[in-house]
Amino acid sequence: MTCENHTRITEFVLLGFTNNPDMQISLFILFLAIYSVTLLGNFLIVTVTSVDPALQTPMYFFLRNLSLLEVCFTLVMVPKMLVDLVSTRKVISFVGCGTQMYFFFFFGSSECFLLSMMAYDRFVAICNPLRYSVIMNRSLCLHMAIGSWMSGVPVSMLQTAWMMALPFCGPNSVDHFFCDGPPVLKLVTEDTTTYEMQALASTLLFIMFPFSLILVSYIRIIGTILRMPSATGRQKAFSTCSSHLIVVSLFYGTASLTYLRPKSNQSPESKKLVSLSYTVITPMLNPIIYSLRNNEVKGAVKRTFTRKVLKKLDAL
């Protein structure tokens, strides 16, 4: 269907969170602080896992990729959201909306597959420790990381191209803080059943498939841990997986509420809060979770800062 007798939309209005100026300033300060912590925390993880000799292992290689993904993921939405909170005209062009949607799907899908690669890494480390260094060699890790990043290309191209080809001839107000699929879909001026079926199929393939890999890996991991004779060994093995489990639960738990039900009866405010959790809050929490629950990362951070302080003292 084309926009006969109607003008096709050339821009969207992002309604965001509120029209109250005082509330907008408060939210701007809050989200700016969260975004600053997100960037600082993830860049810190990238730095320490790159320079510290003790962290040159597959687990920290994947953690470094996860932090880079989180930086890119938040970069797609948060800067625009911050600008809109202090602007009177909260608009985004049709092309800009499609671009934002593309990279949102791209980095989101890539993160799903990267989390599954991290689960596989933990599976090999715990279930086959004697062959860990042989199996998880540098070449395999590099290919797994590249594959995870590139896995976002098919779903993002398919979802975005199909979505933006639909007719948008009526209202242009998106009741959200960025161009997400479900709220933009509501503005389409024709029946969207076919697209919804395609979107659900893509979601099941590109989100639930890696989740299934994670689930299978942890079923095997838990079985191996329970068979360990030593309580200390069981505790140590579980501690290496706990951070990843928390991150997976946060990411998949909130994302599934949105993308497994593209047109659910949730209120727009509830959907915005759910979206906030995996687009803004989770990327901030990930480096905190891995830092607080991992003695190796905490030790690497201390060593990195100590070296920098000593270098400055020597320079003086």
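Cβ atoms here come from the backbone N, Cα and C positions, even for glycine.
Annotated features, as they stand in TrEMBL:
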TRANSMEM  25-49  transmembrane segment
DOMAIN    41-290  domain 'G-protein coupled receptors family 1 profile'
TRANSMEM  61-82  transmembrane segment
TRANSMEM  102-120  transmembrane segment
TRANSMEM  140-162  transmembrane segment
TRANSMEM  199-221  transmembrane segment
TRANSMEM  242-261  transmembrane segment
TRANSMEM  273-292  transmembrane segment
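Here the domain 'G-protein coupled receptors family 1 profile' (41-290) has a mean pLDDT of 88 out of 100. Counting Cβ pairs under 8 Å that are 6 or more residues apart, the transmembrane segment (102-120) and the transmembrane segment (242-261) reach 3 or more and are in contact. Remote same-chain partners of the transmembrane segment (61-82), defined as residues 6 or more beyond its termini with a Cβ less than 8 Å from a stretch Cβ, comprise 16, 28, 31-32, 35, 38-39, 41-43, 45-46, 49-50, 92, 100, 103-104, 107-108, 110-111, 114-115, 117-118, 121, 141, 144-145, 148-149, 177-178, 247, 279-280, 283, 286-287, 290.
Note on the transmembrane segment (242-261): residues 66, 108, 111-112, 115, 118-119, 122, 180-182, 199-200, 203, 207, 211, 214, 218, 271, 274-275, 277-278, 282, 285-286, 289-290, 293-294 of its chain, located 6 or more positions outside it, place their CB under 8 angstroms from a CB of the stretch. Scored on C-beta pairs under 8 angstroms, the neighbour of the transmembrane segment (273-292) with the top count among 25-49, 140-162, 199-221 is 25-49.
For the transmembrane segment (140-162), same-chain residues at least 6 beyond its ends with a Cβ under 8 Å from one of its own Cβ atoms are 58, 61-62, 65, 69, 98, 101-110, 112-114, 116-117, 120, 181, 195, 198-199, 202, 205-206. Proximity of distant same-chain residues to the transmembrane segment (25-49), defined by a Cβ-Cβ separation under 8 Å and at least 6 residues beyond the stretch ends, is recorded for 17-18, 55, 60-61, 63-64, 67-68, 70-71, 74, 78-79, 81-82, 85-86, 280-281, 283-284, 286-288, 290-291, 297, 300-301, 304.
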